[in-house]
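The ATP binding site annotation in Swiss-Prot covers 8, 9, 10, 11, 12, 13, 14, 15. Residues or ranges marked as region 'Disordered' by Swiss-Prot: 120-144.
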């Protein structure tokens with residue numbers, strides 16, 4: 001059993017890493033999907049209310065609320081798969097929740113890219129929530145407020161996403177294929 005979590009600032013490549021995992025047949029739990037479902041359950045448009053509902057869930061149920069809501073989904077995936085990727089961890093409390101639940105079978109991967117590159121990627125992609133008018137600075141500040149920097153500091157592995165898309169895909173595939181969950185992967189695959 002392996003549970004691989006990704007952490008990183010907006011536009012770093014977390015969703016792209018999840019796509020690589022999904023293409024390899026690995027179940028992916030997108031923590032943002034938990035929030036989007038909560039928006040719908042509250043009769044709100046996820047594209048317009050994602051950030052506010054993410055904060056509301058944490059205010060109402062504690063800083064680990066989204067991770068706790070994710071655990072049964074992950075455990076369900078693990079009945080049929082040996083590896084699950086959790087996309088989009090936002091706080092050290094969420095990291096602790098997953099480490100408590102899965103112990104040494106949990107690996108946290110920091111997907112890293114410089115701010116200007118991330119900003120350009122966000123501007124180029126067409127994803128709900130990216131165009132809701134929230135500037136990148138505000139979004140980063142909100143995520144830092146959740147404990148993003150502390151979560152990043154807890155990462156077991158870092159993948160630097162500054163090269164080509166193919167190189168990044170190779171790095172993610174190397175991590176997914178590693179014999180041990182905490183195997184360091186090279187930052188560059190030239």
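Cβ coordinates come from backbone N, Cα and C, glycine included.
In sequence order, 111, 113, 118, 121, 161 are the residues of the same chain, not among 8, 9, 10, 11, 12, 13, 14, 15, whose CB sits within 8 A of the CB centroid for the ATP site. Around the Cβ of residue 15 (ATP binding site), the same chain contributes 30, 87, 88, each under 8 angstroms and 6 or more positions distant in sequence. The secondary structure of residue 14 (ATP binding site), as reduced to three states from DSSP, is helical. For residue 14 (ATP binding site), the same-chain residues lying six or more positions away in sequence with a CB closer than 8 A to its CB are 6, 7, 8, 87, 88, 111. A simple way to gauge crowding: the CB of residue 8 (ATP binding site) has 26 other CB atoms within 10 angstroms, across all the protein chains here. When secondary structure is read from DSSP and collapsed to three states, residue 8 (ATP binding site) falls in the coil class.
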